[in-house]
Amino acid sequence: MCMVIFAPLFAIFAFATCGGYSGGLRLSVDCVNKTESNLSIDVAFAYPFRLHQVMFEVPTCEGKERQKVALIGDSSSSAEFFVTVAVFAFLYSLAATVVYIFFQNKYRENNRGPLIDFIVTVVFSFLWLVGSSAWAKGLSDVKVATDPKEVLLLMSACKQPSNKCMAVHSPVMSSLNTSVVFGFLNFILWAGNIWFVFKETGWHSSGQRYLSDPMEKHSSSFNQGGYNQDSYGSSSGYSQQASLGPSSDEFGQQPSGPASFTNQI
């Protein structure tokens, strides 16, 4: 039930916080010649974080010339992979919810449905782990590439001590941090559901039968051993009674011998 409720919800938060992100930073370059300065340089970037394609112009503080600068890095592969896993996990969890609610009898009719569910759950658990780890590394690279201090080093005007370069506004990464958290929460959720899905498969039931058969054989052999012991005890007692019968008769006939001998005398 937890899988049905939380899997689609966690997947939505994962791809929404990452795929819907757009942010930026603002810089200022104060040249010695104030007419050449630009105190509001906006640098915007968004998903899928192909930062090397983000271009912006900055003053060179050498007349009216402008320098085109591009950010460094490309985290699109890890970001797109993370979002793709989240979208497909959301779609599958919705389909599984419909099957669990409306087609429960069909799902349990044979072992094919639980086996497919088990394999898909294992695969998505692995994909969530890989995707979340890759995106965590990609986010770290994005933070470094969009750090205003690192961006200022790319400007030729900021390499001159006479010019003043400052960071006015830094990018807000809270939603991207949230996406990484939800990525690992999805991994924990899907990995924890592996056991519950495995219990629905024939592998689990066959394992239980394998464990129960030796126990039944052991209990039946124990009962047979007790029965043989009782029968053995009863037969031995019977034989003892049978052997005691003649001895008692012989013992009863012993006085008759001397009595007849006396009568003869």
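Glycine is treated like the rest: Cβ placed from N, Cα and C.
What TrEMBL says about a protein is an automatic prediction, not a curated fact.
Per TrEMBL, the feature compositional bias 'Low complexity' maps to 224-243.
Among the features that TrEMBL reports, compositional bias 'Polar residues' is placed at 244-265.
The annotation domain 'MARVEL' is assigned in TrEMBL to 1-202.
The region 'Disordered' annotation in TrEMBL covers 217-265.
According to TrEMBL, the signal peptide annotation covers 1-18.
Feature annotation from TrEMBL assigns transmembrane segment to 81-103 (among others).
Taken from TrEMBL, the feature transmembrane segment covers 115-136 (among others). If you look at the transmembrane segment (115-136), the same-chain residues 6 or more away from its ends with a CB under 8 A from one of its CBs are 18, 77-79, 81-82, 85-86, 88-89, 92, 96, 179-180, 183-184, 186-187, 190-191, 193-194, 197-198, 200-202.
Per TrEMBL, transmembrane segment is recorded for 180-198 (among others).
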Item checked: Distal contacts, the transmembrane segment (180-198) - CB-CB under 8 A, six or more residues away -> 2-3, 6-7, 10-11, 13-14, 17, 82, 86, 89, 114, 117-118, 121-122, 124-125, 128-129, 131-132, 135-136, 139, 204
Margin query: If I take every residue in the domain 'MARVEL' (1-202) and average their pLDDT values, what number comes out?
Written below: 90
Item checked: Distal contacts, the transmembrane segment (81-103) - CB-CB under 8 A, six or more residues away -> 3-4, 7-8, 11-12, 14-15, 18-19, 47-48, 113, 117, 120, 124, 127-128, 131-132, 134-135, 138, 179, 183, 186, 190
